[in-house]
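Q: Input: one structure, supplied below.
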Amino acid sequence: MAGKTLYDKLWDDHVVTQRDDGSCLLYIDRHLLHEVTSPQAFEGLQLAGRQPWRLSANVATPDHNVPTSKKERDQGIAGIEDDTSRIQVQTLDDNCKAFNIVEFGINDIRQGIVHVVGPEQGLTLPGMTVVCGDSHTATHGAFGCLAHGIGTSEVEHVLATQCLVQKKSKNMLVRVDGVLGKGVTPKDVVLAIIGKIGTAGGTGYAIEFGGQVFRDMSIEGRMTVCNMAIEAGARVGMVAVDDKTIEYVKGRSYAPKGEQWEQAVAYWNTLHSDDDAVFDAVVELNGAEIEPQVSWGTSPEMVIPVSKAVPTLEQAKDDVQRNDWTRAYQYMGLNAGQALADIQLDRVFIGSCTNSRIEDIRAAAEVVKGRKVAPSIKQAMIVPGSGLVKQQAEKEGLDKIFLEAGFEWREPGCSMCLAMNADKLQPGEHCASTSNRNFEGRQGNGGRTHLVSPAMAAAAAIAGHFVDVRSF
């Protein structure tokens, strides 16, 4: 009998019962909540007269709608100028108090983007099933977790029962061996993977990321990669547990202590695919060949190395891709064969659940130090992923580096990743963004998003256009 994959092990450890149609009832260990996908779920509980099944499994924080300007944040919820945003944040606060759920509120130093806060607090632990009403919940798979996003009705179901009905995915291994070159980051790795397999390449699969590149990668880097598993078409992305994983978790607020810690570590050390495990699909890349990446179009798969030009229609593989590229040229205001350096940038955004952790901010600061934002850039902003990330960056003096260069230093939140708060692009503006999606209108109506790493975004802010950070 063949060995088990990491996904198989996590799945089997959480099956409550298997149903006649092949689906399973899975137990959920951790449920993270935010203000956008939870109101209807809480309302459903109230109408049915139910209470959460296991209070301690649930933790909430507002992130999508919170303003990132200090002026608004200093006034708390009452200072949120947008009515819809204020109501959503207030409703989360009210619901958490009514149901006695732990919330890191808008004025709590622990507040931040839910996928930054969970690991930071030790709420995310190896071997857990982790869900949240947010598609980028795969982030937590970096800890050897089975983590995925859920819809609002499922949020209610988890609150009420601590279980979910799920169908098992197939197994895919994405192996990246070799050593990354100078200036090549985890963001470049995951963009290169998506560029290779496409945004539908992982559909129906749980992706395990393996190989030397991921063994060498930091935990924060692994979070960046797992975060974008959904952009590769997979609902789940994960990396096996190793000593780095355990060291990262150790001593965090919600991590086990004492004898429970020793028991947990013994289990966590089993969370890797067996040597004889069989995957349904295997994709391989050579890490040494990956360059800094830049997305040029309106899908994360429309991505190229910084050394390349916008592709021409002759390079398209079929009529569908030709049609997609033609529409992307028009929306993005680009020409086939255009050099990336010729794209005039308007704004730069460094933040989001993909790239707003302390390592990301350090990487950007290293590029920015002693330089100035180009006069042609209308706005360059740094948005830390949590209050604690912001605090650590300020302790290291990174905020001063950015402020002296002409960047804005903001309060934590999802910010310009999505057009659900005050931080938006204007129609026609090009933005170098460290976020995860570049769909039409994602950062604002008519906004044009280019996905890059923090280092590449920082270099673009200084140059006013895309440059190869390796020679910057």
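Residue numbers in this text run from 1 along the chain shown.
Placement of Cβ uses the backbone N, Cα and C atoms for every residue, glycine included.
Got these off Swiss-Prot a minute ago, pasting:
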type	residues	note
BINDING	Cys353, Cys414, Cys417	[4Fe-4S] cluster binding site
Q: If you draw a 10 Å sphere around the Cβ of Cys414 ([4Fe-4S] cluster binding site), how many other Cβ atoms fall inside it, taking every protein chain shown into account?
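A: The answer is 29 other Cβ atoms.
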Q: Between Cys353, Cys417, which of the binding-site residues has its C-beta surrounded by the fewest other C-beta atoms within 10 Å?
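A: Lowest Cβ count within 10 Å among the binding-site residues (Cys353, Cys417) is Cys353.
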Q: For the recorded [4Fe-4S] cluster site, whose residues are Cys353, Cys414, Cys417, find every other residue on that chain with a C-beta no more than 8 angstroms from the centre of their C-beta atoms, and list them by sequence position.
A: Asp63, His64, Ile113, His136, Gly351, Ser352, Thr354, Ser356, Gly413, Ser415, Leu418, Ser435, Asn436
